[in-house]
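Per TrEMBL, the features are as follows:
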ACT_SITE  161  active site, proton donor/acceptor
ACT_SITE  165  active site, proton donor
BINDING   14, 15, 16, 17, 18, 19, 40, 104, 105, 106, 128, 129, 130, 131  NAD(+) binding site
BINDING   41  NADP(+) binding site
BINDING   162, 171, 172  (S)-2,3,4,5-tetrahydrodipicolinate binding site
DOMAIN    10-131  domain 'Dihydrodipicolinate reductase N-terminal'
DOMAIN    134-270  domain 'Dihydrodipicolinate reductase C-terminal'
Ligand SMILES: NC(=O)C1=CN([C@@H]2O[C@H](COP(=O)(O)OP(=O)(O)OC[C@H]3O[C@@H](n4cnc5c(N)ncnc54)[C@H](OP(=O)(O)O)[C@@H]3O)[C@@H](O)[C@H]2O)C=CC1
Ligand SMILES: O=C(O)C1=N[C@H](C(=O)O)C[C@H](O)C1
């Protein structure tokens with residue numbers, strides 16, 4: 001089945017990674033976009049190889065490159081789940097190529113975020129620490145529950161991920177923390193209690209605590225706990241398949257095609 005030239009062409013960065021390979025499968029199966037490029041870091045042993053063969057299957061006619069600008073110039077969108085330094089560089093290059101940049105990368109510093117914001121003056125950037133429908137709905141629920149309850153209810157965010165994850169708290173935990181803080185009408189930086197250790201003293205009223213578990217092949221689990229005297233509410237999301245993130249990212253890339261330059265998130269994409 002041929003795909004029309006009008007179908008958006010997408011480049012996947014970090015294509016050999018867990019999310020990179022999942023994105024390739026989801027894009028190719030979707031019938032709604034063409035995979036037109038695949039980027040890996042210079043020196044990676046997939047560079048110069050056919051992507052399908054590198055992934056252990058039949059050739060697909062896309063050669064893995066370490067030249068992002070050349071790849072982006074042929075695309076309408078770039079989907080990027082890599083690492084902070086790479087994502088900041090890709091934001092500038094995608095803006096130069098006027099391609100929609102979908103960013104799933106987490107662990108971004110304030111400086112990284114400022115540089116991404118600068119790139120969004122010239123192009124559409126859609127960024128979220130979690131691209132799944134379920135988590136973005138949970139973000140909205142968390143904001144509502146936090147707004148409905150007073151500070152007698154302690155808020156704790158507990159997340160679990162696979163042993164390879166390099167950043168904590170997860171991007172999702174930070175999204176949930178920001179929503180809870182918004183519900184309380186304060187910025188998260190004023191309320192945030194990082195992971196506890198040692199003689200910490202009693203919990204501070206109104207603060208939002210974070211805890212992270214790392215192990216095995218856990219795809220991603222997040223609990224938002226509202227704990228009061230005599231009762232507890234737990235809002236939970238459990239991811240069992242990375243395809244949920246890839247499907248969300250593809251949806252964002254298509255949604256972004258007719259939007260004005262600026263920074264957007266998955267709540268915009270999903271209309272939540
Ligand atoms: N927003 C969301 O919904 C989700 C976000 N994530 C986030 O996505 C990111 C990636 O996760 P995951 O796929 O598990 O991680 P992986 O380590 O499996 O993949 C990252 C890939 O990016 C590559 N990479 C790093 N730097 C560059 C560069 N300069 N140029 C090209 N490629 C580069 C890595 O190459 P190398 O191995 O050589 O370093 C690797 O192949 C993380 O930040 C994670 O938290 C993950 C899932 C969902
Ligand atoms: O690194 C991961 O795997 C994931 N990262 C995102 C995060 O930091 O929240 C999203 C998802 O939980 C998987």
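Along the chain as shown, residues are numbered 1 onward.
Here the Cβ of each residue, glycine as well, is placed from N, Cα and C on the backbone.
TrEMBL annotations: computationally assigned, not manually curated.
Restricting the average to the domain 'Dihydrodipicolinate reductase C-terminal' (134-270) gives a pLDDT of 98.
The DSSP breakdown of the domain 'Dihydrodipicolinate reductase N-terminal' (10-131) into helical (H, G, I), extended (E, B) and coil residues amounts to 45 helix, 26 strand, 51 coil. Checking each of the binding-site residues 14, 16, 40, 41, 128 against residue 172 ((S)-2,3,4,5-tetrahydrodipicolinate binding site) by C-alpha distance, the shortest gap belongs to 128. Within 10 Å of residue 41 (NADP(+) binding site), judged by CA to CA distance, lies none of the recorded positions 18, 128, 130, 161, 165.
Taking a Cβ distance under 6 Å to any atom of ligand 2 as the criterion, the recorded positions 16, 18, 41, 105, 130, 165 reduce to 130, 165.
All protein chains considered, the CB of residue 172 ((S)-2,3,4,5-tetrahydrodipicolinate binding site) has 26 other CB atoms within 10 Å. The shortest Cα-Cα distance between residue 130 (NAD(+) binding site) and any of the recorded positions 161, 162, 165, 171 is the one to 171. Taking 40, 41, 161, 162, 172 as the candidate recorded positions, the subset whose CB lies under 6 angstroms from any atom of ligand 1 consists of 40, 41.
Comparing CA positions across the binding-site residues 16, 18, 40, the one lying closest to the residue listed as 'active site, proton donor/acceptor' turns out to be 18. Separation of the C-alpha atoms of residue 128 (NAD(+) binding site) and residue 171 ((S)-2,3,4,5-tetrahydrodipicolinate binding site): 8 Å, rounded to the nearest whole number.
For residue 16 (NAD(+) binding site), applying a Cβ distance below 8 Å and a minimum sequence separation of six or more within one chain yields 40, 44, 46, 54, 64.
Between residue 18 (NAD(+) binding site) and residue 165 (active site, proton donor), the C-alpha separation comes to 11 Å.
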